[in-house]
Structure formats: structure tokens, C-alpha cells
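Encoded as C-alpha cells, the structure appears first; notes follow it.
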Amino acid sequence: MEQGMDYWLGQIQQKDVGKRLQVGPDLIEYLLDRQKSIDLEQDQTLLDRMVDGLATSWVNSSNYKVALLGMDILSELVSRLQDRFRTQLGTVLPSLMDRLGDAKDSVREQDQSLLIKIMEQASNPQYVWERMFSGFKHKNFRTREGVCLCLIATLNVYGANSLTLSKIVPHICNLLGDPNSQVRDAAINCLVEIYRHVGERVRADLSKKGLPQSRLNVIFTKFDEVQKSGTMILSASDKNFDDEDSVDGNRPSSASSSASSKAPQTARRGVSLGTARRPGPSSAAAKTGGTAKEGAGALDEEDFIRAFEDVPNVQIYSSRDLEESLNKIREILSDDKHDWEQRITALKKIRSLLLAGAAEYDNFFQQLRLLDGAFKLSAKDLRSQVVREACITLGHLSSVLGNKFDHGAEAIMPTVFNLVPNSAKIMATSGIVAIRLIIRHTHVPRLIPIITSNCTSKSVAVRRRCYDFLDLLLQEWQTHSLERHVSVLAETIKKGIHDADSEAKIVARKCYWGFHSHFSKEAEHLFHTLESSYQKALQSHLKNSDSIVSLPQSDRSSSSSQESLNRPLSTKRSPTGSTVSRASSTTSKSTPGSLQRSRSDIDVNAAATSKSKAASGASTAPFISVAALPPGSYASLGRIRTRRQSSGSTTSTASTPADTRGRSRAKVVSQSQPGSRSNSPGKLLGSSYGGIATGPQRVPQMPSSEKRSRIPRSQGCSRETSPSRIGLDRFGISQQGRIPSAMRVLSSSTDLEAAVADALLLGDSRNKKKPVRRRYEPYGMYSDDDANSDASSACSERSYSSKNGGIPHYLRQTEDVAEVLNHCASSNWSERKEGLLGLQNLLKSQRTLSRVELKRLCEIFTRMFADPHSKRVFSMFLETLVDFVIIHKDDLQDWLFILLTQLLKKMGADLLGSVQAKVQKALDVTRDSFPFDQQFNILMRFIVDQTQTPNLKVKVAILKYIESLARQMDPTDFVNSSETRLAVSRIITWTTEPKSSDVRKAAQIVLISLFELNTPEFTMLLGALPKTFQDGATKLLHNHLKNSSNSSMGSPSNTIGRTPSRHSSSRASPLTSPTNCSHGGLSPSMLDYDTENLNSDEIYSSLRGVTEAIEKFSFRSQVDLNEPVRRDSKKESELGSCDVGIASPASDLRGGTDMVEGGRMALDNKTSLLNTQPPRAFTGPRGREYNPYAYSDSINSYDKTALKEAVFDDDMDQLRDVSIDHSDLVADLLKELSNHNERVEERKGALCELLKITREDNLAVWEEHFKTILLLLLETLGDKDHAIRALALRVLREILRNQPARFKNYAELTIMKTLEAHKDSHKEVVRAAEEAASTLAGSIHPEQCIKVLCPIIQTADYPINLAAIKMQAKVIERISKESLHQILPDIIPGLLQGYDNTESSVRKASVFCLVAIYSVIGEELKPYLAQLTGSKMKLLNLYIKRAQTTNSNSSSSSDVSTHS
């Protein structure tokens, strides 16, 4: 049966997808056969219905195969009907425009081809485009973009003559402001394509359109690029472009007046219809000056660095001018209602100000902090251009300011991380590049938790990127910046190694080796905790990678910091993967990949040093082979980073890197030759060969036997100076100036050769040339290391003054500070040494450094503390450091923490005696250069820092420094802060250090010094400590007072003297009595006073006063929050006059830091006992001693050993006889719990036992041990084992349930620690923390709790703020209406801030907390919510109504139940 149009119309109108796919090809065959489809051209009505069905049902089908088939059928209809299809365009074009925005590339491409075909065969381009203008305003952004791309294709196929472009350009100009970046890019590409065809008239026309200048600048730049590229196609008459009446693309030009209005058929056929479909591979994009990458939206670091300076020039006339500019910028950026182009201009202006030197102004950093919120808002903007500019500006700030951008980087980093998974490439890549730049330039430890927390993201893309960031961080940062977060890094890398995503795993393995280069012990520990399969994967990753810690391509390509120009040269890897580095090989076997030799031309003791290093390096496990030694084993300025080496290389010779001045040096690995060590590899680095002398050559002789004896002689011929050696070297040796004898210690035999050659080359005109390497010769001191002193005698005055007795002209002082700093930052030790010499010159010339130079120099010096070349560089560094501190001490307050802690750490290292003396000198200068109180606070912070694990030598150094500091401090410098209390408690435990008597003695002396410094304040501090600590300190002070009284009575000169404070001439404080001077011995007259006025009775009276003050002062130190301070004169008089023994009081409420007036009065009464004679007479000097039994009840076994150093033998006999009771069981548990990060299983058991005890109502245990238990539990929350952390929280929760009243004085500390536990990476710990926080909310006084929580809610980050808000909501349920009214102004700001938080859970918790407040005070809450927007207020009201409904239902149901 013949199938006609009716049949096919029925097939087209059916809905079944499967049948459509079957019918489609048959319909195409039908249309191709003109004989079968003869009725197609006869029945117009059926044709209209068929085209309508194809356009609406097929082309618009959700199944892309059906849509493609529909377009194929339409294409055949166009071919068949030609001009007659023109009547169907109104039906077809809307559907085809919709398909230009299809998600499938194939659909979009075929759609574009069909449109081009319609323009060619059914109509003309102008006719079609006049009906497609609505596509420029289509709701789908892909359609808008597709219409632009279709226009580009039309221009490429038909030229500009075919279109009236003046009608189209306004639509394109509208798209330049489109919200979507891809549409904006496509619109710009359209204009560029029009410019290619039309020429300069486009530029003139656009200037009249009223476009913003910034937008025009971008477009005109593209025009210029196209013009320079030579791809212009001027196919239209210029004069007609901007004249709407005369421009008609259909009008034939003079050159082709007889031609058809359509382009010739052959010309159209010659162009492929698919050449201009998408911006990526299209010819259009290629012709428009390389806009393909921009069309895709991706950015890289090169784009950022180019954009850094691509900003308008501005000038800053004053700090006020800068402040006004930044205020305007903040005002624009803080309001997202401003035009987005204004915001982009504001962001660019920040970069302009930076380039104009804004960082030099003091108020810049204060203003920059105020911009944090504006930056966050910009980074969250919906417009990609704003986000892009914000990220570029953040990257620029980081690269210019470095670590001074710490606060801004920390604030903005979480927001920028949210950009990483963004589907818009421009936003995602902007965020990624900004993070990379911040990591590279701003080395702030607080960024590490932000990065590691994102490593556990649910998004695979985010995890991959985060491990990339972590890898970059481990490559770029110095070890000291990572130390605080070692455990977090290890845990994160472990998770990465176990990650489900294979790519994330690979990067995590790379991170592991970067981590190993900083913390080998921790890395090895992590390695052993992994399953064998993961261990094998790590080792195979090491073997298979030719560059384990290699820099990513983007890192190698660009970096704007000056350090990047001098980035340390990497160790070279041979094809087998073995590392040739300065570190000694761990195997005694010499392999081709690890050939090394001692550098005897540099150091006369190098052979011995090399052997010792090799021996010490052989114990590394589990990495036995040289290949397993990670690059960068030295955490120093010259830390190694590997670079990729050609896989084709088969020799063990390293490739030739170029140094910072452009010269290339070949580090040849060679065998030692018998003739001369001047041919050694190091010699090739250090000297240049000028030629061979033609005259007779002399061998210098040592003038005396003494000198011969001091220079070690080698018995072979390899080290003897020879004529050939001098001839070879004489013209390349740099001349030496006159240098003081203290500095003339030769650090290498090269210097000896230089001195000898200088003496031989007098009068030679060729020696006038400038030296190759030594540019900065010092006027001051050289290093005088003991190890190098053998050659010092050869360095005589004559050999240095042989150049006419003066400093040569080339030894000039350079003003090129940047070059000096570049040398100091070099990876080559000799260049670092050279830089230090230049720096000494600068400092001695009183050349003060700018703020930026100081900042950079501090960063370099921080790295130099870990320099491995102690004999060559570190000693000179210490000398330079002393000068630097003396000259710039007023500008180094921010760097003091690093300076002081690093110097103290160095005191614990194995250094030569001379180097250690220089470290000590640096410490002395530091102590005298900075405020004492600031140094004291830093030391207290350092002692309590749990990330620091000082060895015994470092502990001694810290304690001695504190002692010397205390002898110079003013009493007011000693502040009783929480940090000081923790530090003092740790010093008390150091008095029982079992491994070192030096530590014990130094700790005891420090406690005595602090007691003498400010007796009342120190007494208050002891009162706030747990009783066990109090007892240990009090016993020690008892013995000290007794001993000092005996010694002062016997011999006044034996009394310990104290250096007078530089702040005041008198040591007495208002709270100290005259007898306190006996502790310090300020002057001979004061000593006489002590001898005359002090007797044993007075000493014991003083001691009793001190002890009573410790025990009693805090009874009045904390009063109930709801009651005013009441003074009971009777009690006060009793406190002041009664003769109390040393036994412990009954109450446990002894600790308190916030002293109220009554508490201070009580303390003053107690300390006043130091002035009074005791009411009783004593029978003898030992008539009033400590009663050991009074102490034994409250001293656990740990404290007994702690006090062995400070008690007498007869006291110890009594201590041993104490029987063990229930209290001793708790003491043993506490002793076990004090083994932090050790004995995991035992401590778990101890915590379980403690959990049982907490449930028993044993008053004596809590009276005695509560403070100690609490302190240990809170400290245990920082334990490495997550199970122990969770268990500690459960014990804490149980104590809160059973002993809530005891937490009154420790509320703030307990709340803070519990909330911090919510950040834990283990769910078990977080769950325990939530339970503990819930119990806390119900246990502590509501007002006290809220006062602690309010500042936390306002300042803390997620998840701490979330936990605090939830806790506050529970507390509000317990508070009275009146009390809530009073503290409402403190509560509301934090909740409103939380309502705006990016985390939905924080917003939700804030709303619930506001609902809880409303349920207490009702409508009185409304005035506080005035700043909420309408939508937020609406949401809040909705939740309030729900809560009211729920409450009414529950109350009615309870009423029903009671009546029933």
C-alpha cells in the first residue's frame, strides 16, 4: 500500500519515543524519493501540520536522539522545498533557537548547521536574523550564548554584506552586561568578529552606545589584538555601518552589482558549516586573538600575575589620603547593591594603592582588616567578574604583604574554598589560584586547619584540590610554620592515603613524602600505622616518581615574590631515583647515583665531618636506601626541592643549574686526584681560572715552626701547595681587604690560598679586576669557629694588608639591599655567607631598612635558624643577628616570639663551644633590647605550648633565661594570667624532672626568683593552682626561706643578689613588706638590715603568712554573681589575726583569677603577716616546721616524688610511712593520666576507673583532687588518641552531673575546652563534646554561662560558633525573664551575625536560639531585631508560631492527661 502524507503525519504525531526512532529514518527516505513524496508539494495544509509537529514534538523533545532526528528531517525538507520552506520559518525558528541552548553539544551543533542551511537555501541571512532577535533575550543563558556563536558562524560563512549589522549590535551590547560570564565572552567575541569584517567604524559606533569605559577598554584591546594579528576581513562598506537607513546587507556592492543578493553558491559551499559552532576549537575563536581560553573561563597564575599590575596608576599623598581611599573602597564593596562594575573598579584600586606603596603606611594594615567583610562579600558575589577581581586582589595582597596578610588570609580562606566546586570555570579557577598564591606567600599556621578540614569534603573535586594545596604547602613552607599542626597534617594525609578517589590518593602519597621531608619521625610513625598494602603503594610511589617533591608546573612558571627568583636549587635525581644531595648517604656503599667526596678544599675537617654524618645517617628506618631519603631533609633556607630531570639521562652527573646571577655551574662528581684539591668540585664553584703564569713561581714558606704546627699537614701530596696549583689559581682569586684579626679565621683552604696568592701578586696589574664572587667584604667580625681555627695563623695582618695597606676600591658598601637579601635567601651556602657579609656592612653603616625589607629579612633569618652549615653560615648569621637586633629592636616586636624561641631551641642543640657562646650573646642582647614583660609573656606561652617538646638542654636554657629576666623585671611586669599559671604549674613539675638534676635545680631557682619578684602576685597565682602544685611550691619556698635566713645570719655576703631593675630603682612593691628585701638583697645596707632584723621566729612567721595566704585568700575571691560583695568585718579581723596552721582548709573553693576587692583584702591581710612578730615564741629553729602528715593526705604519689628535691631527709622518712587509702587510688590514676600521648591502653583504663569513681559520692576525694582531675582532663582533650579524648569528655560530663557546684570558678576554661573539642576530626569525640556541652548548659549558672558564650559566638568560626549557639539556646531555657533582659544586648549581636552565616546549620541554630529568647520575653525581643530583612523576619515569625503551636499542643495534652 502506498504511504502518503496522511500516514506520515500520523506517525509524526505519535508520542512513543521508540517508534519515533524507527519511523524517522523511514520518513527521511520518503522525503528523498521525489516520486513517492509527490503529494508533499501539493497539499500545503498537510505540510504545515507536518512541519509544526516536527518543530514542536520532535525538535523540542527531551530525548536528544529524537531532537537530532527531527532536525535531520527538517534539513531534508529544506533541501527539498528550497524557497518554499520560507513560509515555515515562523513555525520552526522558535524551536531551533531553544535547541541552541541544549545541554548536548551534538544537538547545539546540528541546530546551528540547520540554521545556516536555512539562511542559504530557504531564505537569506538578514531575513532569518530579523526573526531571531528574541534569542538575545532568551531566558536560558546557553541559548543566548548559542545565538552569539551562530552570528559568528553566519559572518564567517556569508560575510558582513549579508546582514544589517547596525540592527544586531545593540542586542549584542546588551549581552555585555549579562549575569553569565560565558554569554559576556560570547558577546565580546561577536563584536570582535564584526570588527574583523567591518573595521574601525565598529569602534566609533560602540563609543556612541554609552557603554562603561572599563568594558570598552576590554573590547578595544581585543580589536587591537585582531588588527595586529593580520586577520582582518573588510568585506562590508565602512560608510554604511552606523547609518541604519543606508546599511543593507542585501544591497549588492559596486563590485558585484549584477550578482544575486545571496552569496554565490560556490563560495558558500567552500566553507564548512561546522567551523564556528563553539568558542573552543572554532576558527572564529582562533581568529579573534586567542580568546579560546577566556571563552572557557579558566584562569591560571600567569593570568593573575599579569592582572596584578594591569590597573590604573594612582598616587598616595598622605596617610589620610590613603585612609579616605580605602574607606570609599570599603563602602562600595560592602554594599552589593552598588553596580558590579563599580565594585570591580574598587577592587582594582586596592591593587593600584598597593603598587603605589600603601603597605609603607602605618594605617594601611588597620584599614585592611576592616576590608575582611567586603572581601568575603565580593568572593561570594554572583557575578563571576567580581569574584575574579576579588581573587586577583587577594592573591596580590598575599604576594606583596606575605605573612602580614595573615589575618585577612585566615578570614577569607573559607569563603574562597567555597568557590572550588563551582560549576563556572572562571569562579572555580579564580578561587584555586587565589588559594595557591596565599599558600605560597602567606605562611601562617592558622591556615592549615582550614585546608585540612576541606580535605574531608564530600566533593571529590574539592578533596583532590585540597591535597594539591597541601602538597604545595609542604613544599613551600618552612618546618617551624608546620610544627604546631603536625598531628593534624599526619591525620589528614592518612585519610588521603585511604581516600576512595584514586587521584586524591596519588596526591596524598605525594603529600606524605613532603611531610616526611619536614617531620621524618612522625612520618615514619604514620608509615608503620598503615596496612601493608598502603605501605607498598607509598614505596612504589617513591620508586616510580622521578620527582617526589617536584613543584607543579604553575609553581615553576611564575611567582611574583622575590624569593621565587632565588628558589633553592633542587637535589638531582638519577634515573634510578637515588638522590644526590648534600646529606650523606645512608649506605657505606658508593653507588653511581650517590657518589660523594669530602669537600676538603672548603673545610680542613670535612673528611671527618663527612664520616660522622654518614655514620649518623645510617639509622634511618624504615627507609633504608638512599632513594628513600626525601628531598629537603634539612628544614633550612637551602631546603632541597627536586626538579624534573630528563629520563634520557643515564649518567650520574647532575644537570647544570643556573645560579641567581645567570651563570651556569656544573656540579661534577669526580674522584679525588693525587695532584691537587683545587680541582675538586667545590673549587669549580668558588674560583675562576684566569690562565697560567708565565714567570717563575714561588712556593710560599711558613715563616715559623709555630705556624707549621698550627696548620694540619697532610702526609700525601694531595693537599700540599704546589707551583702548578698557584699558577692555576692566581689570576682568579678575589682580593682581600684589611680585616680585623678577630675576623681573619679561614673557613676553608681556599681562603688560605687567597691570602698566599695576594702576597705573591703585589704590583701585578691584572689583580686590579673586581672579584667574581665576594662582593661584600665586612668591616667587622668574621666567624671564629673552633673547628676552623687551625688556619687562623696563616691569616696574618701582612697577607690582608698587602694591597698598599688599605681596603681596595671595589670593597664598596652597596646600596643594593635587594641583592643582599637575595644572596641571604640563596640555596647556596657560600652565597648566603656572602649575603651576610654584605648585610653586616649595611648594618655597620647605620643603613636602616624599610618595613618591607625588614619583613623579608625576618623571614630569611627565621629560615636561617635551621641552616645546616653551622660552621660556615650559622656562626656568621649569629654575629649579624646581634647587630640587626641592636639597630632595629624597635621594629622587631612582632618577630620577638620567633627570635627568642629559636635562640632558646639552639641552646639545646649540639653546637661548638664558640657557636654556643654566640647564641648566648644573642640571647643576652635580646634580653636587654626588648620589654621585659613582653619577653616574659612569650616565655610563658612557649612553656605551655603543647606542640613544643623541648629537650632537657632547652628546658635549662629557658629556665635560666627566665631567672635572669626575673632579676631585672619590675614587680608590675609579673602578671597573674591563665597562661602564667599554666606555665608555673609546668615549672613546678619540672622541679621533679627525673632525668636531669640541672632542670630540677633551674626550675627551683625560677620559682624562688618569681616569688621574690612579686610575692603577693605570686602567692595569688599559687592559690589558683591545684593543691598538689601548691604544696610542692610551698615546700620549696619553705626550704628556701629557712636556708636564706641561716645563710644571712651567718654571712650576709652569701645572700643571693638581684640586678636592679632598669625600670625602677626600688624593688619594693606596695604589697611587699620590708622583710621581703631579705630575699633579694638589693644592697649591702639592705643586707645589714636583714641580718639585724631577721630571726628564725620572723622567718617562720613570714612563711606562715605566705602559706595562709595561699590557702585562704580565695575564699573571698569569687562571690555569687547575683549577690553584691559583702564585707564581714568580723571574719576579716579573724583572718588577719588568727594563728592558722599549715594544714589544708576544708573547702575546695581555692582557685580564682578574677580577684574581687574582698579577696584582695584577704590576701593583703595575709601578706601583712610578713611584717609582724608571731604571737607565739618558738623553742628552736625547727620548732615550727611543715607537718608531713598534714601534707600526705593531699599529695599523690606523683607529687611525693616531685617534692623529693625540696624536702629534708627526716621529712621523707615520714612521707614513706603514709598508708594508701581511697584517695591514693585516685592519686595513682592521676599519675597515670599525666603520661600524655603515652601508655594509651593504661590511660584508657585509668579514665574508666575515674568514670566509676565520679559516680560515687566521695566528698573527701573531690575536696582533695577536684582541681587536679579537672586540669588533667582538660589537658587530655589535646591527646593524640581520639578514644582517649572522647573518654576524657565523658568523664568530664559525669563530673559535671555529679559535682556541678565545683565548676563555678572554672566555667570559662571548661566551656572553651569543650567547645574546641567540637572541631575534632573524629565523630566519636564530637558526639562526646556535644553531650558534655549539653550537660554544661544545665550545670553552670545561666548568667555566668552566657557571659562566656557571647564573645565566642561573635568571634569563633564553624563549628565552634554552632556549638556555642546551641549551648546558649539550652541555657536560655533556664534563665529568668529579668536576668535575660539585662544581658540581652550582649546576646543579640552574635545571633544576628549567626543568622547571616554561610553555614546553614549556624543560621538554623541562631533562629532557634532567637525563638527560645522569644518564648521567655515575648514581644519585647522585637526592637532588637530591627536590622533583620523582611524575609528573615518572616522566617523567624514562622518558627515562633510553630514553637507556640507545639507548646500549646503539649500543654493541652498534659491537661487532658491530668483530668483523665
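Yeah, the Cβs are placed from backbone N, Cα and C, and that goes for glycine too.
Per Swiss-Prot, the features are:
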REPEAT    87-124  repeat 'HEAT 1'
REPEAT    163-200  repeat 'HEAT 2'
REGION    237-293  region 'Disordered'
COMPBIAS  279-293  compositional bias 'Low complexity'
REPEAT    407-442  repeat 'HEAT 3'
REPEAT    443-479  repeat 'HEAT 4'
REGION    545-605  region 'Disordered'
COMPBIAS  550-569  compositional bias 'Low complexity'
COMPBIAS  571-597  compositional bias 'Polar residues'
REGION    640-733  region 'Disordered'
COMPBIAS  645-659  compositional bias 'Low complexity'
COMPBIAS  669-681  compositional bias 'Polar residues'
COMPBIAS  715-724  compositional bias 'Polar residues'
REGION    778-800  region 'Disordered'
COMPBIAS  789-800  compositional bias 'Low complexity'
REPEAT    942-979  repeat 'HEAT 5'
REGION    1041-1084  region 'Disordered'
COMPBIAS  1042-1054  compositional bias 'Low complexity'
COMPBIAS  1066-1078  compositional bias 'Polar residues'
REPEAT    1272-1309  repeat 'HEAT 6'
REPEAT    1390-1427  repeat 'HEAT 7'
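Across the repeat 'HEAT 5' (942-979), DSSP classifies residues as 23 helix, 0 strand, 15 coil. In the repeat 'HEAT 7' (1390-1427), the DSSP tally of helix, strand and coil residues is 32 helix, 0 strand, 6 coil. Here the repeat 'HEAT 3' (407-442) has, by DSSP, the following mix of helix, strand and coil residues: 28 helix, 0 strand, 8 coil. Under DSSP, the residues of the repeat 'HEAT 2' (163-200) split into helix, strand and coil as follows: 29 helix, 0 strand, 9 coil. Within the repeat 'HEAT 4' (443-479), the DSSP-based counts of helix, strand and coil residues read 26 helix, 0 strand, 11 coil.
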